[in-house]
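Visitor: So that we are looking at the same thing, I have put the structure below in structure tokens.
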Amino acid sequence: MSSLPGCIGLDAATATVESEEIAELQQAVVEELGISMEELRHFIDEELEKMDCVQQRKKQLAELETWVIQKESEVAHVDQLFDDASRAVTNCESLVKDFYSKLGLQYRDSSSEDESSRPTEIIEIPDEDDDVLSIDSGDAGSRTPKDQKLREAMAALRKSAQDVQKFMDAVNKKSSSQDLHKGTLSQMSGELSKDGDLIVSMRILGKKRTKTWHKGTLIAIQTVGPGKKYKVKFDNKGKSLLSGNHIAYDYHPPADKLYVGSRVVAKYKDGNQVWLYAGIVAETPNVKNKLRFLIFFDDGYASYVTQSELYPICRPLKKTWEDIEDISCRDFIEEYVTAYPNRPMVLLKSGQLIKTEWEGTWWKSRVEEVDGSLVRILFLDDKRCEWIYRGSTRLEPMFSMKTSSASALEKKQGQLRTRPNMGAVRSKGPVVQYTQDLTGTGTQFKPVEPPQPTAPPAPPFPPAPPLSPQAGDSDLESQLAQSRKQVAKKSTSFRPGSVGSGHSSPTSPALSENVSGGKPGINQTYRSPLGSTASAPAPSALPAPPAPPVFHGMLERAPAEPSYRAPMEKLFYLPHVCSYTCLSRVRPMRNEQYRGKNPLLVPLLYDFRRMTARRRVNRKMGFHVIYKTPCGLCLRTMQEIERYLFETGCDFLFLEMFCLDPYVLVDRKFQPYKPFYYILDITYGKEDVPLSCVNEIDTTPPPQVAYSKERIPGKGVFINTGPEFLVGCDCKDGCRDKSKCACHQLTIQATACTPGGQINPNSGYQYKRLEECLPTGVYECNKRCKCDPNMCTNRLVQHGLQVRLQLFKTQNKGWGIRCLDDIAKGSFVCIYAGKILTDDFADKEGLEMGDEYFANLDHIESVENFKEGYESDAPCSSDSSGVDLKDQEDGNSGTEDPEESNDDSSDDNFCKDEDFSTSSVWRSYATRRQTRGQKENGLSETTSKDSHPPDLGPPHIPVPPSIPVGGCNPPSSEETPKNKVASWLSCNSVSEGGFADSDSHSSFKTNEGGEGRAGGSRMEAEKASTSGLGIKDEGDIKQAKKEDTDDRNKMSVVTESSRNYGYNPSPVKPEGLRRPPSKTSMHQSRRLMASAQSNPDDVLTLSSSTESEGESGTSRKPTAGQTSATAVDSDDIQTISSGSEGDDFEDKKNMTGPMKRQVAVKSTRGFALKSTHGIAIKSTNMASVDKGESAPVRKNTRQFYDGEESCYIIDAKLEGNLGRYLNHSCSPNLFVQNVFVDTHDLRFPWVAFFASKRIRAGTELTWDYNYEVGSVEGKELLCCCGAIECRGRLL
């Protein structure tokens, strides 16, 4: 205690010192500024008053005070009303009591029903005028007129007292308000008055027989069997006894109580009418859908609604989809809810062309708007708009993806391992993406009662699955130990389900990659800077080079190199003839002078000048590049540069070192910042250009891999690289004339193996660059050729790595490759090298050690399938699915970087309208109001004129009875089907193996049974109708065509049988419900030689019969001499089948049985394969192919190689080059090309990567692994590429 006064004194002294210091400081400020503290405060206050933010805050404060005063006045007003009501009730009670006392009666606070002296009976009239009559069962003759009047007056008073009491209960919010209603009709009949939170007389919603929901009052709860029934009296007359899953609460549930799969009743606006329908919650609110709920209604429509437009179902079923009557809709909902959040949807943006199914036919349509998970489709033929769920199989990319698994299963029968079928290029067209609930806010379906969800949402990412094989060998090995039997590998090509179209050649560009083949002892030629050809010995013969410096500490920067400084002196041109002496002063004196430099910078180091000029053309500023030679000559085109190099005999500069793209900078360097780990060259001199390694995240070193830039044949693999197995040229001009070069001609002639058989004379390298993928491969000059290896324009991949790359550690994808300099479009980057294995050995090794670095050498299969139009899930031609009109128009402008122009995609801009309202939420469908109106009124008449929104195009009129309802007649068009078919036949050539559509790049073949069938999505007809034309003879055909032509401009085939489904295209007929097929059997038809003489007028549309008994999706067989099927324009209208699974497919399935996939392998295909599903087939005499045995069996090309049946595999796990580190991207900047260098064996091409676009320095190099999602059972691999077109999943 003695220390306490000392502490207090110390504090007081400290305070005194501080106050003195403050006073001194204030005095110093006053002396320095020359004003007093009061003046300074006044000056500061004035300055603050002048500030806009202060004035704004004061204004807001004044508004807040005004608002508070207003609210206080409103509260006072409400209190006054409450007091007045209380006084009125008190006065009323006093008046009632006085009146009772005058009558000699005793007043009690009880129900009026208890006071009744006579029992009453309730008579229910079960009609629409459901009125309740109360009939007295006593003797009416014993009453006097006076007593009758008194009783009527007392009943009126009691009713008034009850109304007042109800009002008081509502104001005071008494919890016991329901006790006043126990004396209701349910008590009199001995029924339940309460069932959980359901209480008699409460307001609820009930479902009527018209499938619509209406508000009403719960009047009774009855026990029926093991469950309960609820009697509802609707406000708009009528009563119904309903189950618990057919009534809903009359309040809006909180957002946290709703999850994906919740059963709700939601509002649906159709024009000016509002309906209440039951549905399933498909999306919970998030930023992308503008905080709205996506509802899948029971009848197949989808719509976004707000929380205030939802009502929860009282007693939903455990599996909510079982409450849906439509079987196909129920199947779709079950699949959707159980798979959530993995939702495959088509990635779309405004302006794209896509094929959409309607009434069993594929129509050309355009994307008008994308709103979250919905897309507004405009049908180009009749200008009709419709909102469709982006995951609906009515969209061709989704339909192709769904049918690809069935097609792959049929094609892969008998193999030891089923591999993904990947062969299409990824472009800006529609692709199927797998969305993930990455935010974790959405809740998955819980098969329990809604108030207590038990299943938490699935984590957005697996604990530690590397998204690419570069995620670290240690992590990969630990995962392989856990799942030794389920492994997956990248694919070096692109999926056929994607969309791509070529620009300069008849084949579409693609990303294909094949590994180069060569023995360990085979030497690889490369160019030295002096131009001499050197021979790189085998890895075993190379002496061990000294280890490069390795840094393991934090550095400010990686070792920097001096920047290039352009010379200041000008070059003047004097007229002369360029020759060898023009470059004499810059020819290098020593070997490898500029090795490791940016190849685009090397010409400048030899005194070339690269100048960029500008000029305005059509009000647009354009740029172009000019090279100025050391002798002063200006070179403006690649042709001039090529001529100059040959005239001067320049063997130290090459065509790939020059670039005329003004947006490619030759001196833009990328410098890593503060690396933790740095290696100068991880190849230890094995590559011509050093490959540095940088880790800017941690100190983890790269995996230990034996580096080899050559392919290494494994056990049982023999690659014939002898000169006798090669075709060589004898060119003396550097192979510039493709018509005279034998190697160039191999490349050109191989393009005839494409649909249509068109030869592209410009195929191959164009000035040492490849603008797009060539599906049939590139044949480079080889060691048998007599051309100069340094001057030859047909040698590129064999020269090895030229661009400067760097291995670096990514944030979430392991190790990756990035470029240190800009790379021009079409430039060669690197190859994919590794150990070549047989199929059987790869199966064994993949299951034991992992398959993440496997790549298929399937060049033979890809070209054969491409030639036949074999793939069922490939893109359509340029005027069909997946073409972006905006990209086509702006693709060649040259004034904007194409990779930066991504707008209005369904990922980055789900919702275009910022100021949305509830009116924009509702989707107007073409036949929505019509079908529902018929349900309401019980009529089967056609739609009235005002039952369609005004933006749906011309009004629909009834279909003439002569035309079958639900037929596949196209909407109005300028061309008739006859003209289309005639022009279509005239532009196609006849071949024995099949026929190809030169416009769509598709071809057809018949199945074994000889029946031309078109598979597709399933379709519903509400009334008994067929979806195709069953015409027996030619007269019927012509008559139907004539009627179709006459009525085409007047009708749009929208009748009671046509229903457009927002998310599910395949409901069945209400009468005689049967389960539709779960898969679609895709069959194609091959045209025979006799088709050349077929009559173009004999055209039938392949369609399915809704009443098929033994056949599925086949039209009626014609008689001899007639046709079995025809085609309208295959790019304009395609008919799909909706029957059950094909018998052929079932037979094949049962014969061999599906083989479960255990490993996923990359495919080295690099092109898009035309879709042939859902095709309409040209008519021909099919009598010769009615029996499957009459069709010849075609032998696979690979079987000519000693009967081989499986392709070879490249494994780069333990030994390979830098290609193994290239990561995946759904929007890659590299594509893959098969190149034949040291052998012309079709089984062993080199797999080369080329730039698909200009690439800025520092950008990671990626390509599309193209795994087939779901190809490996039980394995899921998410994608984190970050691209706008990201598909969400790899496996």
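Cβ atoms here come from the backbone N, Cα and C positions, even for glycine.
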Visitor: From the ranges 18-64, 347-393, 1193-1239, grab the one Swiss-Prot calls coiled coil.
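Guide: Going through 18-64, 347-393, 1193-1239 one by one, Swiss-Prot flags 18-64 as coiled coil.
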Visitor: According to Swiss-Prot, N6,N6,N6-trimethyllysine sits on which of LYS71, LYS97, LYS669, LYS1178?
Guide: LYS1178
Visitor: With Swiss-Prot open, pick whichever of LYS597, LYS980, LYS1162, LYS1170 is annotated N6,N6,N6-trimethyllysine.
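Guide: Annotated as N6,N6,N6-trimethyllysine in Swiss-Prot: LYS1170.
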Visitor: Which one of LYS207, LYS489, LYS1032 gets the tag SUMO2 cross-link in Swiss-Prot?
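Guide: Per Swiss-Prot, the residue annotated as SUMO2 cross-link is LYS1032.
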Visitor: Swiss-Prot annotates one residue of SER405, SER739, SER1025 as phosphoserine; which residue is it?
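Guide: So the answer, going by Swiss-Prot, is SER1025.
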Visitor: Averaging the per-residue pLDDT over the domain 'SET' (803-1266), what integer do you get?
Guide: 55
